[in-house]
Amino acid sequence: MEEVLSIKNSDIAKHLSLPPVKLHCSMLAEDAIKAAVKDYQSKKAKRGHLKDKKGTPDDQTTSAL
């Protein structure tokens, strides 16, 4: 994850050989990567939180009976 967050727009532009008029695309790509990581971490944290509250699936099945 740290490696992904270290990607900068200048790295993207260089790798893709973007002309100067297209540098804004690399900035958008960097923003998109950071947003995707933030979303992933948020969803991962929610899943962990819900797991703790719900317990195991077996607990839910027996309590419903």
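Don't overthink the numbers, they just go from 1 along the chain as shown.
Glycine is no exception: its Cβ is also placed from the backbone N, Cα and C atoms.
TrEMBL entries are annotated by machine, without manual review.
Taken from TrEMBL as is:
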- 1-45: domain 'NIF system FeS cluster assembly NifU N-terminal' (DOMAIN)
- 40-65: region 'Disordered' (REGION)
- 43-52: compositional bias 'Basic residues' (COMPBIAS)
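Cβ atoms under 8 Å from those of the domain 'NIF system FeS cluster assembly NifU N-terminal' (1-45) belong to no residue of the same chain, restricted to positions at least 6 beyond its ends. Across the range of the domain 'NIF system FeS cluster assembly NifU N-terminal' (1-45), the DSSP-based residue counts are 38 helix, 0 strand, 7 coil. Over the domain 'NIF system FeS cluster assembly NifU N-terminal' (1-45), the average per-residue pLDDT in this prediction is 95.
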